[in-house]
Amino acid sequence: MRLKNKPWANELVEEHPESALDRPDPAEKIDWEARFGNDKPIEIEVGSGKGQFITTLAKQHPDRNFVAMEIQKTAAGIILKKKLDEGLDNLQILCADAANLVAYFGENSTSKIYLNFSDPWPKSRHEKRRLTYKDFLAKYQAVLTGDGLIEFKTDNSGLFAYSVKSMNNYGMHFDFMSVDLHHESEEIVEKNVETEYEHKFASKGQPIYCLHAGFLAK
């Protein structure tokens, strides 16, 4: 969902190049170790929206590094404000297209990728835009370490069914799957970190579909 343009958010991104990259040239390698100041494992959320999910994770896990990858500059600015307000040194913002994922991160550089409530692109002619289309899966496989995982959540049953089929056809393995995440065991529900969108629709009784999947050994 496209957010209304907020000039202050756009300006904030431009004012803080140390914390947010605005559409960097894919031909120029990003030195993530230098940007974070350490070599801790990196986890990426592709399509971070307003950032509730990724900022919560960053607070919960100071021993990990997180990248919020968001194509909308206004959304990136909103996430950046949360990062700065909360002093989250283990969070970087990348305002860029996920199509360039491999160029931005390199191979075997990432331990986990989060796909939360991605655009379902329901029309058949837009299949290649879905973030669980086979071409995107190939990009995730390239940047993930051998034991790295994709964690995927959606409220769209059609996208979930498509994603299960796409990942299965790609030869991936599933470590966890739920067609009603918020009614799983208490332990699973307590560990779940909600997005803004998820909280809104789950509170209305909308089932949340979820899966965790990995790739076979490279």
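Even glycines carry a Cβ here, placed using N, Cα and C.
Over in Swiss-Prot, the protein carries these features:
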- 1-26: region 'Disordered' (REGION)
- 13-26: compositional bias 'Basic and acidic residues' (COMPBIAS)
- GLU45, GLU70, ASP97, ASP119: S-adenosyl-L-methionine binding site (BINDING)
- ASP119: active site (ACT_SITE)
- LYS123, ASP155, THR195, GLU196, TYR197, GLU198: substrate binding site (BINDING)
- 125-130: region 'Interaction with RNA' (REGION)
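Known features from Swiss-Prot, placed on the structure.
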{"residue": "GLU45", "record": "S-adenosyl-L-methionine binding site", "Cβ within 10 Å": "24"}
{"residue": "GLU70", "record": "S-adenosyl-L-methionine binding site", "Cβ within 10 Å": "28"}
{"residue": "ASP97", "record": "S-adenosyl-L-methionine binding site", "Cβ within 10 Å": "12"}
{"residue": "ASP119", "record": "S-adenosyl-L-methionine binding site", "Cβ within 10 Å": "15"}
{"residue": "LYS123", "record": "substrate binding site", "Cβ within 10 Å": "8"}
{"residue": "ASP155", "record": "substrate binding site", "Cβ within 10 Å": "19"}
{"residue": "THR195", "record": "substrate binding site", "Cβ within 10 Å": "24"}
{"residue": "GLU196", "record": "substrate binding site", "Cβ within 10 Å": "14"}
{"residue": "TYR197", "record": "substrate binding site", "Cβ within 10 Å": "19"}
{"residue": "GLU198", "record": "substrate binding site", "Cβ within 10 Å": "23"}
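As a whole-number mean, the pLDDT of the region 'Interaction with RNA' (125-130) in this prediction is 98. Taking GLU45, GLU70, ASP97, ASP119 as the binding-site residues under consideration, the smallest Cα distance to ASP155 (substrate binding site) is found for ASP119. Rounded to a whole number, the C-alpha distance linking GLU70 (S-adenosyl-L-methionine binding site) with THR195 (substrate binding site) is 14 angstrom.
Of all residue pairs in the S-adenosyl-L-methionine-binding list (GLU45, GLU70, ASP97, ASP119), the one with the greatest Cα separation is 14 Å apart. Following the DSSP three-state reduction, the secondary structure of GLU70 (S-adenosyl-L-methionine binding site) is coil.
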